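**Q** Copied straight from TrEMBL:
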BINDING   V56, N60, S295, L394  Na(+) binding site
COMPBIAS  20-37  compositional bias 'Basic and acidic residues'
DISULFID  C158-C166  disulfide bond
REGION    1-37  region 'Disordered'
TRANSMEM  47-68  transmembrane segment
TRANSMEM  74-94  transmembrane segment
TRANSMEM  124-146  transmembrane segment
TRANSMEM  212-230  transmembrane segment
TRANSMEM  242-265  transmembrane segment
TRANSMEM  285-307  transmembrane segment
TRANSMEM  328-346  transmembrane segment
TRANSMEM  385-408  transmembrane segment
TRANSMEM  420-439  transmembrane segment
TRANSMEM  451-475  transmembrane segment
TRANSMEM  496-515  transmembrane segment
TRANSMEM  530-555  transmembrane segment
Amino acid sequence: MAQGHYNAAYDDYESNAEPNRSKPTIEADLEKPPPPKRDKWGNDIEFLMSCIALSVGLGNVWRFPFIALENGGGAFLIPYVITLLLVGKPIYYLEMILGQFSSRGSVKVFEYAPIMRGIGYGQVLTTFFISTYYSSLMAITLRYVVDSLYATLPWSYCREEWGQLCIDSKLQKSSTNQNLSEVKKTSAEYYFVNIVLHEKPNIDDGIGVPNWVLAITLAFAWLVISSVIIKGVKSSGKVSYFLAMFPYVIMLVLLIRSLTLPGAFNGVLFFLTPQWDRLLDAQVWYAAVTQVFFSLTVGYGVIPMYASFNRFRHNIKRDCNIVTTLDTFTSLLSGVVIFGILGHLAHESNTDDIKSVVKSGPGLAFISYPDAIAKLQAAPQVFSVLFFFMLFTLGVGTITGVFSTSITVICDRFVSAKRWIVVIVMATICYCFGLMYITPGGQFMLNYIDFYGVTFIAIVLAIVELISAAWIYGVKSICRDIKFMLDIKTSIYYRLCWGVITPIFMTAILIYMLVDYKPLTYNDVAYPEYLYVLGWCISAIGIGQLIIWAMYAIYEAPELSYCERFRNGFKPLSDWGPLDPETLKDYKRYVEDQRRSSTAPKTSFWSKICDNVFG
């Protein structure tokens, strides 16, 4: 579509256009073939449940506890809640608004400023990486489901080769004659590291070959994922009820059990007691931002994609409040459960140092939870199956949305492509890539890809996304669109966050990240030098999508001069707005009425800024 063709409703964006430039009428502008029919959620509840299943997932149960453990326990809660309010919630609502208003996926949603399409393509790359390593975690949970069927849980007892520093996880009390100067490890930790992962101390000589058992469970995981999304929201929406509600039943049972263990109170107290001096540590704030992004799944293009399948007048402000609140509650709930177990492990090891009783990192949930399950007196196998099946459903709920983002982009771009073929091909590619994470060096690579392929790219793209939405399209325009769609006046909280607070906050975090950068390590072990170079190349490819697709947007309209193409790249396309033609016609008339009734345009720099945020 030529980007020089715009409706008169967007005159307020075209102050630099030629005075004699012809302006088509609304009716003429809309005389085009109707857009392809887009799938819709079966009902409003399916969307809400899908968002809960997406955001309330492994990020809460698997990632939040070890991030909190590494950043001072209770000290992490205050930055986390503040970051949620100033970053997570505003971005979540903004992405919901843009997706539902335009009924476009994570790339086409940026047609409000076509030169910014690269944000969407960069986000597709991050969702690909997330899909691959999330699925490897699901493979591990399935391994534990199978192992739970043994008459004796295989992680509940020590093997002879693990030595004297191993504590049987099934024991309620460790031996009283142990050396108090030695901190022992549980059999659950030894089992995870030595039996499940076969983990290597370093990857200087390579990552090794995939574990054949995990390769089978990984294939099964992708079979389930593909089955859920193969028909789009028509199938995933129906499954969302179970994916969203079932995990809470198991988590509440586990909460009761963990709090009844000796020493659990000390662990919970460590989790909830703020260490005020850590609030001045920029690393804690950086960790809070990355956790909010990972947990709420903002900045990856998933939320706009989900919201694009909503009916146009759906009340997403209510859903935003529900999901962000429930996400925080779930993180706190899982934190209490985990730290209660860690307090018990410290009690068993006769130490007051909560952090010393277990190896922190992504494996925390596969160590502490199994240890608690092993101590159950009645039918631990049944509870173990239910618990690890819960982890699996959490993973399915999250990866369904993340993986669907890439599928939706491909299907929107190639309309004639059959969805089931796209799903199978992409699932096969992700499976092959995911085999890397189930090798003896797999956790090294998971940590590596999480930083270079996901976290760094997501933060940069989120900053550009905020700036493009708030200052290219405009906070004022977003609030106008919300008023038209939902008949809701946007509060000063969202206006300030979108326009000022959140971009500045995110930029400060990015600057800190770059200034304080240290070579990435896993368990204090450095990577080979060539991997650091490759890692920054991966990040450059993701962020470089901004430049690639900006150049393409400028190239799209060869009949115009380069200056005109560049200026038009920052303006909405002529059909930007609701996907339904009649609603789009009403919207453009609404915009034109708003323009005509507005006061004289602002001329000074500060008046334009204030008008954009507060107007």
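Cβ atoms are placed via backbone N, Cα and C, with glycine included.
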**Q** So what's near the transmembrane segment (385-408) in sequence-distant terms, Cβ-Cβ under 8 Å and 6+ beyond its ends?
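**A** Long-range Cβ neighbours of the transmembrane segment (385-408): 50, 52-62, 105-106, 123-124, 127-128, 130-131, 134-135, 137-138, 141-142, 144-145, 148-149, 221, 224-225, 228-229, 232, 236, 239-240, 242-244, 246-247, 250-251, 254, 297, 300-302, 305-306, 308, 365, 369, 373, 419, 422-423, 426-427, 430.
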**Q** Output, ordered by sequence, the same-chain residues six or more apart from N60 (Na(+) binding site) with a CB under 8 Å from its CB, or 'none'.
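**A** Listed in sequence order: S295, D327, T330, S331, S334, L394.
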**Q** Cα of C158 (disulfide bond) to Cα of V56 (Na(+) binding site): how many Å, rounded?
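**A** It is 34 Å, counting Cα to Cα.
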**Q** Validating a neighbour-count step here. Other CB atoms within 10 A of the CB of V56 (Na(+) binding site): how many?
**A** 29
**Q** Determine which recorded stretch among 47-68, 124-146, 328-346 has the most C-beta pairs below 8 angstroms with the transmembrane segment (530-555).
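**A** It is 124-146, which has the most Cβ pairs under 8 Å.
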**Q** With the transmembrane segment (242-265) as the reference, which stretch in 47-68, 212-230, 285-307, 328-346, 496-515 has the largest tally of C-beta pairs below 8 Å?
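**A** Per the Cβ under 8 Å count, 328-346.
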**Q** Counting Cβ pairs under 8 Å that sit 6 or more residues apart, are there three or more between the transmembrane segment (74-94) and the transmembrane segment (496-515)?
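**A** Yes, since the transmembrane segment (74-94) and the transmembrane segment (496-515) share at least 3 Cβ pairs closer than 8 Å, they count as touching.
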**Q** Looking only at residues six or more beyond either end of the transmembrane segment (496-515), which have a C-beta under 8 A from one in the stretch?
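**A** Sequence-remote neighbours of the transmembrane segment (496-515) are 83, 86-87, 89-91, 94, 282, 285-286, 289, 456, 459-460, 462-463, 466-467, 469-471, 475, 478, 612-613.
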**Q** What count of other C-beta atoms do you get within 10 angstroms of the C-beta of S295 (Na(+) binding site), across all chains shown?
**A** 26
